[in-house]
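Copied over from Swiss-Prot, here are the features:
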type	residues	note
BINDING	Cys12, Cys103, Cys198	[4Fe-4S] cluster binding site
BINDING	His43, His81, His131, Ser226, Asn228, Ser271	dimethylallyl diphosphate binding site
BINDING	His43, His81, His131, Ser226, Asn228, Ser271	isopentenyl diphosphate binding site
BINDING	His43, His81, His131, Thr170, Ser226, Asn228, Ser271	(2E)-4-hydroxy-3-methylbut-2-enyl diphosphate binding site
ACT_SITE	Glu133	active site, proton donor
Amino acid sequence: MKIVKISPRGYCYGVVDAMVIARNAALDTSLPRPIYILGMIVHNKHVTDAFEEDGIITLDGPSRLDILDKIDSGTVIFTAHGVSPEVKQRAKEKGLTTIDATCPDVTKTHDLIEAKKAEGYHVIYIGKKNHPEPEGAVGIAPDIVHLIERADDLKTLEIPTDKILVTNQTTMSQWDVQHLMEDIQKKFPTAEFHKEICLATQVRQEAVAKQADVADLTIVVGDPKSNNSNRLAQVSQEIAGTKAYRVADVSEINLEWLQGVENVAVTAGASTPTPITKEVIAFLEQYDPMNPATWERVRKVPLQKILPRVKVKKEQ
């Protein structure tokens, strides 16, 4: 079996930065305890489990405000997906120490929404409902930001001005966003468009589109909650024309997928730890359908190998 290692794949700078911020927080003895992450720091359970070992507690819930209600003291880390001004204000009112790990690409979108609100615009925001990134973006200006996920949402959308900005969640499929923007243009011809697919997401999607077409199967390594991982599987199927499955790690690979397969493409979401992806590749490289000794699929990567290394500051 030939393995096509799609490149680039895996961690983006925003994810690594967020994890380094959280690791440094865990090592900072001056920060009030306990230390919480408001939702998953990045959408990968292996990462959140590793942070639990570091003493950082991940809390999840239907919204960031709901999660904040569970916290009475300590330090709160805002995730890479960003939060609304209301969340920041609520944390301040509760007397919590806050650390912001928002991805710079997300912050750029928030700043754009604020600037356009000041100019009297309404904003159509393309994103996934119940995902934390759109929650934070809509929360920047909930009175003028309209979240849509698919073309059907446009049917009932009415906006009381011709001053309209269209932007999007950074981890969406660039092809889905383009198609939706074309539909929006037809209904709102005066709209201005700012496509905000982050560069890391874009190049990973384009790599799958161009490199997975030679494979019989694509395996995307990523968490089920990771939107960018799910979009990579979608791109493989819809753009490259190659059947795709998403797995959290090697243990989720179904041997039936590999029957009759000669070429397997492997990629990974931007929040997927590199050792987890390497373990998947190593399994596929040694797999022999005629040798049961090669069929074992057990994640063996220790949690301490998941998180990026940080330098411990020496006391003066």
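Along the chain as shown, the residues are counted starting at 1.
Heads up, the Cβ atoms here are built off N, Cα and C, so glycines get one too.
All features noted in Swiss-Prot, drawn onto the structure.
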{"residue": "His43", "record": "dimethylallyl diphosphate binding site", "CB count, 10 Å": "29"}
{"residue": "His81", "record": "dimethylallyl diphosphate binding site", "CB count, 10 Å": "29"}
{"residue": "Cys103", "record": "[4Fe-4S] cluster binding site", "CB count, 10 Å": "25"}
{"residue": "His131", "record": "dimethylallyl diphosphate binding site", "CB count, 10 Å": "19"}
{"residue": "Glu133", "record": "active site, proton donor", "CB count, 10 Å": "27"}
{"residue": "Thr170", "record": "(2E)-4-hydroxy-3-methylbut-2-enyl diphosphate binding site", "CB count, 10 Å": "28"}
{"residue": "Cys198", "record": "[4Fe-4S] cluster binding site", "CB count, 10 Å": "23"}
{"residue": "Ser226", "record": "dimethylallyl diphosphate binding site", "CB count, 10 Å": "25"}
{"residue": "Asn228", "record": "dimethylallyl diphosphate binding site", "CB count, 10 Å": "28"}
{"residue": "Ser271", "record": "dimethylallyl diphosphate binding site", "CB count, 10 Å": "29"}
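Taking the centroid of the Cβ atoms of Cys12, Cys103, Cys198 as the [4Fe-4S] cluster site, the other same-chain residues with Cβ within 8 Å of it are Tyr13, Gly14, Val15, Ala80, Pro104, Asp105, Val106, Thr170, Thr171, Leu199, Ala200, Thr201, Ala270.
Of all the binding-site residues given, namely Cys12, His43, Ser226, Asn228, Ser271, those whose Cα is no farther than the 10 Å limit from the Cα of Thr170 ((2E)-4-hydroxy-3-methylbut-2-enyl diphosphate binding site) are Asn228. Spacing of Cys12 ([4Fe-4S] cluster binding site) relative to Ser271 (dimethylallyl diphosphate binding site) is 7 Å (Cα to Cα, whole number). One way to see the shell of the isopentenyl diphosphate site is to take the Cβ centroid of His43, His81, His131, Ser226, Asn228, Ser271; the remaining same-chain residues with a Cβ within 8 Å of it are Met40, Val42, Glu133, Thr171, Asp223, Lys225, Asn227, Ser229, Gly269, Ala270. Annotated pair Asn228 (dimethylallyl diphosphate binding site) and Cys103 ([4Fe-4S] cluster binding site), C-alpha to C-alpha distance, rounded: 14 Å.
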